[in-house]
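Over in TrEMBL, the protein carries these features:
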type	residues	note
DOMAIN	8-158	domain 'PurE'
BINDING	16, 19, 46	substrate binding site
Ligand code: RP5
């Protein structure tokens, strides 16, 4: 538990710079709750050595990993294969198959290596940041307080009546 408090930092990795407009949504809750993060382009296909270097050293700098990719999206699963840190997967929309390829590539992990897969696209990226905050809050009471306040604010923002 103290280790979680010591280095509460999230790695956000994505297969391409083109994923950033989607993956940026993962930062919304992290920013709101003052959770540090670093966003990086790490491609399973184009920069495989970078992926190995990142994943093998991730535990020294981060508490968990959010990994987004599109198409034949091997990045989250490959990252998860090389670190014990939890990996939250975000299927990014693809042009050809609208992200169904990304979703199935990420979600259908063989048993023994786990990826916590979110929804396709912006909602999935947003919720990746949210579930990351919830996971970190398990070992951090200050963060629990902030998270509960954030949830209450969201509840309070839902209007009863339409305009
Ligand atoms: C994947 O290929 C990336 O995650 C991205 O979603 C997709 C397309 O990449 P670009 O051709 O736009 O660089 O590796």
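The backbone N, Cα and C atoms fix where each Cβ goes, glycine too.
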For substrate, whose listed binding residues are 16, 19, 46, the greatest C-alpha pairwise distance in Å: 14
Contacting binding-site residues for ligand 1, chosen from 16, 19, 46 when the Cβ sits under 6 angstroms of any of its atoms: 16, 19
Environment of 16, 19, 46, the listed substrate site - residues of the same chain whose CB lies within 8 A of the CB centroid: 14, 15, 17, 18, 41, 43, 69, 70
For residue 16 (substrate binding site): DSSP state (helix, strand, coil): coil
Position of peak Cβ density within 10 Å, selected from the binding-site residues 16, 19, 46: 19
Predicted model, mean pLDDT over the domain 'PurE' (8-158): 98
